[in-house]
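**Student:** Input: one structure, supplied below.
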Amino acid sequence: MSFDPTGYTLAHEHLHIDLSGFKNNVDCRLDQYAFICQEMNDLMTRGVRNVIEMTNRYMGRNAQFMLDVMRETGINVVACTGYYQDAFFPEHVATRSVQELAQEMVDEIEQGIDGTELKAGIIAEIGTSEGKITPLEEKVFIAAALAHNQTGRPISTHTSFSTMGLEQLALLQAHGVDLSRVTVGHCDLKDNLDNILKMIDLGAYVQFDTIGKNSYYPDEKRIAMLHALRDRGLLNRVMLSMDITRRSHLKANGGYGYDYLLTTFIPQLRQSGFSQADVDVMLRENPSQFFQ
C-alpha cells in the first residue's frame, strides 16, 4: 500500500463507482478517467497525496482503473475490501458463512484485488441502513471484525444519514476490535454532536466526509459542529472528505470537484477561526496515524 504521511489525505472518496443500475441513473456511474486524472493532478498541486477509495466489491470497484490513476498522476490511492449495505449486497452474503466472507476480505488484503497487484489497505465501506442494522449487515460487520483481527487493517464505516454509528462501534467492539482502529463515516449529515462525542469517547475516529453536499446538510452547520469539537480539544479524532460519487460532481461536468474541500470549505473554516495547524491535524496528522 502506497501512502505518503507528509501530504493531505481525503479520507472517504470514490474514483470509480457504479450504482447506476440500482439507482436507475447513469449519473451514478463515476468512471470518466481523463476528468478524474485531471482532478487528481489538481489535488496534488494543493498538497493532497492520498485518496482513500471506498468502493468495494459490487459497488463498481475497478482495481486497474485505480492503478492507472496512480501511475498517471502520482497520487496514492488506498483501495478497500468489504460489502456496502444490505440493499446492495450480492446474494452470496446470505448464503456464505461469516468466516467465508472474512476470508474474502483477507485475500484482497494479502493477495490482491481481481488478479491485480493492488491490495486492499482498509476494510470499508461497510454500512448499515438508516435507523437499523439488518441481520446481513451484522453478518458483514462480524466478518469485517474477523478480517481486521487477522490482518490489522483499519475499518471505515458507512452510516446512513448519520444513524447507527454507536451501534456499529458496539458490534465491532463485541467482536474484539480496538475502536481506535475504526473510523465512522458520514457523521456530518444531521445535528449529531452528542453521538459524535460518545463515539470519540469510545476511542473511534469520526468523519465529516460529505462536505459540499449542502442539499443534505449545510456546510455552515458542519463548521459549527467542528467548532464544538475544537473547543473540546477533540480535533485529533476528526477526518475530512467529500464522498464524490457522481459524474455531475466533477468539475468538467459542472460540479464542485474533489478540490472543493480545499478551495472553498477550508477557507471558510479558516475564516471562522480555525488555524492552519487545526486543518493539518484533520487532513494530515489524523489520517497518517490511522491509515498507515
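One is the number of the first residue shown, and numbering goes on along the chain from there.
The backbone N, Cα and C atoms fix where each Cβ goes, glycine too.
Since this is a predicted model, take the numbers as computed values, not measurements.
Feature list, courtesy of Swiss-Prot:
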type	residues	note
BINDING	H12, H14, E125, D243	Zn(2+) 1 binding site
BINDING	E125, H158, H186	Zn(2+) 2 binding site
BINDING	H148, N149, G176, D178, R181, D280, R284	beta-D-glucose binding site
**Student:** For G176 (beta-D-glucose binding site), which of the three DSSP-derived states applies: helix, strand, or coil?
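**Tutor:** Coil, per DSSP.
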**Student:** Which three-state DSSP class does D243 (Zn(2+) 1 binding site) fall into?
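**Tutor:** In the DSSP reduction, D243 (Zn(2+) 1 binding site) maps to coil.
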**Student:** With an 8 Å cut-off on Cβ distance to the H12, H14, E125, D243 Cβ center, who else from the chain surrounds the Zn(2+) 1 site?
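**Tutor:** Once H12, H14, E125, D243 are set aside, the remaining close residues are E13, I52, E53, M54, T55, H158, G185, D209, S241, I244, T245.
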**Student:** Please report the distance from the Cα of E125 (Zn(2+) 1 binding site) to the Cα of H158 (Zn(2+) 2 binding site), rounded to the nearest angstrom.
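**Tutor:** Answer for this pair: 6 Å between alpha carbons.
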**Student:** Indicate whether E125 (Zn(2+) 1 binding site) is helix, strand or coil by DSSP.
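**Tutor:** SS state of E125 (Zn(2+) 1 binding site) = strand.
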**Student:** Per DSSP, to which secondary structure element type does H12 (Zn(2+) 1 binding site) belong, with helix, strand and coil as the options?
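**Tutor:** Going by the DSSP assignment, H12 (Zn(2+) 1 binding site) falls within a strand, counted as strand.
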**Student:** Provide the number of Cβ atoms within 10 Å of the Cβ of R284 (beta-D-glucose binding site), excluding the reference atom itself.
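**Tutor:** So the Cβ neighbour count for R284 (beta-D-glucose binding site) comes to 20.
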**Student:** In the same chain, which residues outside the set E125, H158, H186 have their CB within 8 A of the centroid of the CB atoms that define the Zn(2+) 2 site?
**Tutor:** H12, M54, Y84, Q85, A124, I126, G127, S156, T157, T159, S160, G185, D209, D243
